[in-house]
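*Asks:* Can you keep this structure in mind? I'll have questions shortly.
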């Protein structure tokens, strides 16, 4: 539509149907400056509102805090008392057969499927980024700042990701593994982990 209008005006100018008074008129310049500005504002305001609405989950079923360190992640399940752990990459020499090299961790993040999950992300030392592409999640972890993202898994499975911010020599050794399970399995896992951490 805009290209058509520009081509139409260009054609009129080349055919000299527009006089020099029309081309140099202040009114025309004012109109073609203000009209696009109004259109852009009318497009931007609803877009910004939708952008902020997409980032918020009204009432998540589970809130998880991910803290990036050089070169591992700490996870805290804030809805549970004393449920936290560090997650390190499993070295290739200790990797079980059939697991992915540089992607497997010693403690996976376990979440219930079909539940809104909020992840609060920060860092303890340098910039990191918590990214799980198959969940459509990538959020920067910045020291001293809390960022949040959210997701819902619709099926059980294991979702792999990595730190996607160059954070030092071992940046590629910060995998993220999210395991989505049915709610009953998640409840069993969380109670077992709570018991083992209290011992």
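The backbone N, Cα and C atoms fix where each Cβ goes, glycine too.
What you are looking at is a predicted structure, and each value in this text was computed from that prediction instead of being measured.
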*Asks:* Quick check on the annotation: Swiss-Prot has 163, 167, 174 binding Cu cation A1, so which of 107, 128 does it put in that site too?
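*Replies:* It is 128, as the record lists it for that site.
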*Asks:* Looking at 1-13, 14-26, which stretch does Swiss-Prot describe as transmembrane segment?
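*Replies:* So the range that Swiss-Prot calls transmembrane segment is 1-13.
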*Asks:* Round to the nearest Å and give the CA-to-CA distance linking residue 171 (Cu cation A2 binding site) with residue 128 (Cu cation A1 binding site).
*Replies:* 9
*Asks:* Cβ distance under 8 Å to residue 128 (Cu cation A1 binding site), same chain, sequence separation 6 or more: which residues?
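*Replies:* For residue 128 (Cu cation A1 binding site), the qualifying residues are 68, 140, 141, 163, 165, 167, 174.
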*Asks:* Can you tell me whether DSSP puts residue 163 (Cu cation A1 binding site) in helix, strand or coil?
*Replies:* strand
